[in-house]
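**Student:** Just lifted these from TrEMBL, have a look:
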DOMAIN    7-203  domain 'YjeF N-terminal'
BINDING   54-58, 124-130, ASP153, ALA238, GLY306, HIS352, ASP417  (6S)-NADPHX binding site
BINDING   ASN55, ASP120, SER156  K(+) binding site
DOMAIN    204-474  domain 'YjeF C-terminal'
BINDING   GLY416  AMP binding site
Amino acid sequence: MITAERMAAVDENAAALGVPRKQLMESSGNAVARAVRRVAAPGDSVALVCGRGNNGGDAFVAARFLDDHDPTVHLLGRPETIATDIARENWVALERAEYDTRVVRDAQELALDDPDVVVDAMLGTGVTGALREPEHTAAAAINDTDATVVAVDVPSGVDADTGEAAGVAVDADHVVTFHDAKPGLDDHEVTVADIGIPETAELFAGPGDRTVLSRPADAHKGAFGEVLVVGGGPYTGAPALAAQAAMRAGADLVRVVCPESVAREVQSFEEGLIVRPFEGDRLTTDHLDRIRALAADHDAVVFGPGLGDDPATLDAVRAFLADYDGRAVVDADALQVVPDVDTDATLLCTPHQGELRAMGGPSADDWRERLDAVADFAADIGHTLLVKGAYDVIADGSDARVNRTGNPGMTVGGTGDVLAGTAGALLATQAPLNAGTLAAYANGLAGDHVVEDRGYGLLASDLLPALPRALWGDADE
Ligand SMILES: NC(=O)C1=CN([C@@H]2O[C@H](COP(=O)(O)OP(=O)(O)OC[C@H]3O[C@@H](n4cnc5c(N)ncnc54)[C@H](O)[C@@H]3O)[C@@H](O)[C@H]2O)[C@H](O)CC1
Ligand SMILES: [K+]
């Protein structure tokens, strides 16, 4: 089962892999025509009722595969208002080839002429809310015919994210849905058509994975989350890098809490950092009240950068996690305590392969083997893992993804801190699997952009200014 939102992401990833949507539309239309043939007797007439989005486009293609059924293609709305180039090109092809095309300007004009089969291609996964006109009246007209109704992707009127009909929906006898089942089709006779989307368009992180980030136009301060970085002690650069990365990745506010012995130095990396010191030179259980109070005021915590592995510090990490129930990215030395802590927290753990072994996790050289082993280990520990490597593996115990961005220049120190901070900002608003996938994708892409511009020899801090473009794309994209 796949939601409309995820389907849009996969579709964009397929395009980025070199399988464009117009090709997918050709496969979709072909699959619709095959479904129509299964229900139509020779000589039966077929009417295709099409909207102006790509759902309609699928039916424009289908018509070309149904010549022997004398297809009639009804377009709801003016051809100039067809929403996408690929749907318009397929409409124009029908007109030039002199198919029986009819432009329906007003729903009352829809004349279905008693067809044997009706194809409902009004609306698919691009739609939210109840049907508007003319689709509303057209749906009622389709439901009034005696025809066998074949719906394209989803019956028009059914929301492909929730599976709910918000009012009138087409009463379909068959649904031809693409790539994977959609929510809300349980009571229907469904054919899932393979339209040639590579499996890796779903498995590999790609530009489509960024769609979950689209900043709503009315974003108010606070909508993108506040992040607390708990780090520092033996190291000072790590918490500063993580905090700056969280800022670049869109967090509304980032605070660093660190030992007072290093607070000034942490601050020196970036004037804009908000630093909250605690007494002493390393984290211990003495500081837990302070950390807990701060953590409760933030949407996500990044736990680990530069904390070190002093036994007293690891005891403090263990005690903190044991009664924390919020969201946290756990990185670096803090990772090793995760498997023995019983916690209600939602954790996104970001080990490299050595740290994964220190957690008691699996090792595998081949990324496909690692994918399976990491997925099992994530299920065992009950947390999401982002295991860093040339191919990063992200798994939450039920689903898994792989990221291929990044380059050998990124083995330099500090890139992991940037990744942890990015993941923290994303975890404040996204599900852990999406946060981990997107953090890995954007960090690697930022590194690729830096190397493209300036060649090898990058510093972890070079990733920071490259992060926004990697996360949100070019301004004109
Ligand atoms: N994902 C794939 O791999 C492929 C999917 N294909 C088909 O494309 C549709 C989705 O197309 P899209 O253009 O995104 O949206 P729709 O055709 O569903 O509709 C958009 C259209 O509808 C208008 N609209 C929005 N809400 C309403 C409403 N409540 N009432 C009336 N009209 C509404 C909106 O303004 C747009 O103009 C998918 O289902 C597949 O069938 C392709 O085959 C390519 C591969
Ligand atoms: K439909």
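Using N, Cα and C of the backbone, Cβ positions are placed for all residues, glycine too.
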**Student:** Using a 10 Å radius around each Cβ and counting other Cβ atoms from all shown chains, which of the binding-site residues GLY57, GLY416 yields the largest count?
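**Tutor:** Result for the most crowded candidate: GLY57.
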**Student:** Around the Cβ of THR125 ((6S)-NADPHX binding site), how many other Cβ atoms lie within 10 Å? Please give the count over every shown protein chain.
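**Tutor:** Excluding its own Cβ, the number within 10 Å is 23.
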**Student:** Which of the binding-site residues ASN54, ASN55, THR125, ASP153, SER156, HIS352 have a Cβ less than 6 Å from any atom of ligand 1?
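**Tutor:** Checked binding-site residues vs ligand 1; flagged ASN54, ASN55, THR125, ASP153.
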**Student:** Quick check: in three-state DSSP terms, what is GLY57 ((6S)-NADPHX binding site)?
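**Tutor:** The three-state answer is helix.
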**Student:** Along the domain 'YjeF C-terminal' (204-474), what average pLDDT does this model show?
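**Tutor:** Overall, the domain 'YjeF C-terminal' (204-474) comes to a mean pLDDT of 95.
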**Student:** Round to the nearest Å and give the CA-to-CA distance linking ASP120 (K(+) binding site) with ASP153 ((6S)-NADPHX binding site).
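**Tutor:** Each residue's Cα considered, ASP120 (K(+) binding site) and ASP153 ((6S)-NADPHX binding site) end up 9 Å apart.
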**Student:** Just the binding-site residues from ASN54, ASN55, GLY57, ASP120, SER156, HIS352 whose C-beta lies under 6 Å from any atom of ligand 2, please, or none if there are none.
**Tutor:** ASN55, ASP120, SER156
**Student:** Cα within 10 Å of SER156 (K(+) binding site): which of the binding-site residues ASN54, GLY57, GLY416 qualify?
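**Tutor:** The binding-site residues close to SER156 (K(+) binding site) (Cα within 10 Å) - there are none.
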**Student:** Among the binding-site residues ASN54, ASN55, THR128, whose Cβ has the fewest other Cβ atoms within 10 Å?
**Tutor:** THR128
**Student:** So which binding-site residues out of THR125, THR128, ASP153, HIS352, GLY416 end up within 10 angstroms of ASN55 (K(+) binding site), measuring C-alpha to C-alpha?
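**Tutor:** Checking Cα-Cα distances against ASN55 (K(+) binding site), the binding-site residues within 10 Å turn out to be THR125, ASP153.
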**Student:** What's the CA to CA span in angstrom from THR125 ((6S)-NADPHX binding site) over to the residue listed as 'AMP binding site'?
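**Tutor:** With the alpha carbons as reference points, the distance is 37 Å.
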**Student:** Using C-alpha atoms only, work out the spacing between ASN54 ((6S)-NADPHX binding site) and GLY416 (AMP binding site) and round it to an integer in Å.
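**Tutor:** ASN54 ((6S)-NADPHX binding site) to GLY416 (AMP binding site), Cα-Cα distance: 41 Å.
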**Student:** Taking 10 A as the limit, how many CB atoms besides its own sit near the CB of ASP153 ((6S)-NADPHX binding site)?
**Tutor:** 28
**Student:** Would you count the other CB atoms within 10 A of the CB of ASP120 (K(+) binding site), including those on all shown protein chains?
**Tutor:** 32
**Student:** Using all protein chains in view, find how many other C-beta atoms are within 10 Å of the C-beta of SER156 (K(+) binding site).
**Tutor:** 27
**Student:** Checking your reading of the structure: which of the binding-site residues GLY57, THR128, ASP153, HIS352 lie inside a 10 Å Cα sphere centred on the residue listed as 'AMP binding site'?
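**Tutor:** The binding-site residues passing the 10 Å Cα test are HIS352.
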